[in-house]
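Working notes, beginning with the structure itself.
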Amino acid sequence: MSRTCLAVILAAGDSTRMKSAMSKVLHPVAGLPMIAHVMQAIAASDIADVALVVGRDADKVTKAASIKGLSVTPFVQTERLGTGHAVLTAREALARGYDDILVAYGDAPLITPGPLLAARAALADGNDIAVIGFHTEKPTGYGRLLVEDGELVAIREEKDASDEERKVTWCNSGLMAINGAKALDLLGRIGNANAKGEYYLTDLVEIIRSLGGKAVAVDAPEAELAGCNNRAELAVIEKLWQERRRHELMLSGVSMIAPETVFLAYDTVLAQDVLIEPNVVFGPGVTVESGAVIHAFSHLEGAHVASGATVGPFARLRPGANLGEGSKVGNFCEVKKAEIGAGAKINHLTYIGDAFIGAETNIGAGTITCNYDGVNKHETRIGANAFIGSNSALVAPVTIGDGAFIASGSVITDDVPADALALGRARQEIKPERAKIIRERNMAIKAFSGKV
């Protein structure tokens, strides 16, 4: 789109209903602050400049909103005198001469570029105001969009609506696009002759019509326009976001056995032919390549899973876990900041942290990389085709060469050369009849003490 546009994002609310120590727009949806979701939609709508109207937590909100591709200028709203007043807080930016002014809200993280582009297209068609609306079966509480002959003639708040107007199911979302050349003049004409003494952006529709201009409404899915005022609504928005993203991934070739139990982050990348079993949680920063399987009850964050690898069930991949092709991290295993080579197997009950494990190496059950000395972390390096016996403790920093064999139960504190066998435990002793003596002694103690 060749037209210039300024997005004015309203994010100055006190968030009192959220009952939180931080602004509601900083609360995460799928691991990303609400305001950042809105900004992603703005950036994808051919908009580069943003006037961010902020109040509490101004610096934090501005930082969260400053995503790549956007130039964000904050404007602090010191008084709360309505939406019209909030937009005028960015007067300096509005005066720069943009073709379009798009007003949106920082607490509506489900918005997509579609409705925003549609509103801008309506301005390009010669309209002065384009209001984004939605149809709903439950319009109670919303302002109604009153349309005659295809033009929007008014936005009627429910308390002011007639019985006939209350039957209208096309409702105001609060988002709108305004002719940039007329924006400051129109905003300056909004009055506050109402019960609250506030300046309402919705008055612009009747103002522009009184001046001979045109207003229209464009439609959008109700779910995309959901705002968030409290924790219950935040949970609903999270649910809607997850449902939408799961659906997109399944249509792209990802299999989910029980999709309603899979929880994704804003940046989760799952390739075609990935299989996700029930009750899997993805934190931020996870990429899973084609043909990989994530078994049930696994948790992944900041991890990469290569083609054909398997994870879980009941596995945890922490930031820096990088699984090679065909590798396996099995049940009750935790991997953190570790490179796992192609075909390597970590099947059971193991902690691997700050480590490099070569291709085709086998890590036995109960193996622990002892990476922390109480102050610093240290690295464990294991070569290709090595075998680490069960219940081994590898005390870092330590290097185990290609093809080396670590006997079960060993505590390894020194480097092990390639193809060497290392045993780090006491030799087994057999003492005939000793068990019988111990048993008889214990029974005598028990009888003497009177304990059963």
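In case you wondered, yes, glycine gets a Cβ from its N, Cα and C as well.
In this structure, His348 (active site, proton acceptor) is part of a beta strand by DSSP. Annotation for His348 (active site, proton acceptor): same-chain Cβ neighbours under 8 Å, separated by at least 6 residues, are Gly330, Asn331, Phe332, Cys333, Ala365, Gly366. What Swiss-Prot lists as active site, proton acceptor is His348, and the listing cites sequence analysis.
Here Swiss-Prot flags 10-13, Lys24, Gln77, 82-83, 105-107, Gly143, Glu157, Asn172, Asn229, Arg318, Lys336, Tyr351, Asn362 as UDP-N-acetyl-alpha-D-glucosamine binding site. Mapped onto three states, the DSSP output places Arg318 (UDP-N-acetyl-alpha-D-glucosamine binding site) in coil.
Neighbour count (other Cβ atoms within 10 Å of the Cβ, all protein chains): 25 for Asp107 (Mg(2+) binding site). Residues annotated as Mg(2+) binding site in Swiss-Prot: Asp107, Asn229.
DSSP assigns Asn371 (acetyl-CoA binding site) to coil, not to a helix or a strand. Within 10 Å of the C-beta of Asn371 (acetyl-CoA binding site) we count 23 further C-beta atoms, all protein chains included. Feature annotation from Swiss-Prot assigns acetyl-CoA binding site to Ala365, Asn371, Tyr372, Ser390, Ser408, Arg425; the stated evidence is sequence analysis.
The annotation region 'Linker' is assigned in Swiss-Prot to 232-252 on the grounds of sequence analysis. Panel annotation: around the region 'Linker' (232-252), residues 18, 24, 27, 29-30, 34, 109-110, 223, 226, 259-260, 262-264, 268, 270, 272 of the same chain, lying at least six beyond its termini, place a Cβ under 8 Å from a Cβ of the stretch.
For 253-452, the entry in Swiss-Prot reads region 'N-acetyltransferase'.
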Pairwise CA distance, Gly82 (UDP-N-acetyl-alpha-D-glucosamine binding site) versus Asp107 (Mg(2+) binding site), rounded so that it is a whole Å: 16
Segment-level pLDDT (mean, integer) for the region 'N-acetyltransferase' (253-452): 97
When you put Leu10 (UDP-N-acetyl-alpha-D-glucosamine binding site) at the centre and draw a 10 Å sphere around its Cα, which of the binding-site residues Asp107, Asn229, Tyr372 have their Cα inside it? Asp107
Between the binding-site residues Gly106, Asn229, Asn362, which lies closest to Ser408 (acetyl-CoA binding site), Cα to Cα? Asn362
Over all pairs within Ala365, Asn371, Tyr372, Ser390, Ser408, Arg425, the annotated acetyl-CoA binders, what is the largest Cα to Cα distance, rounded to whole Å? 22
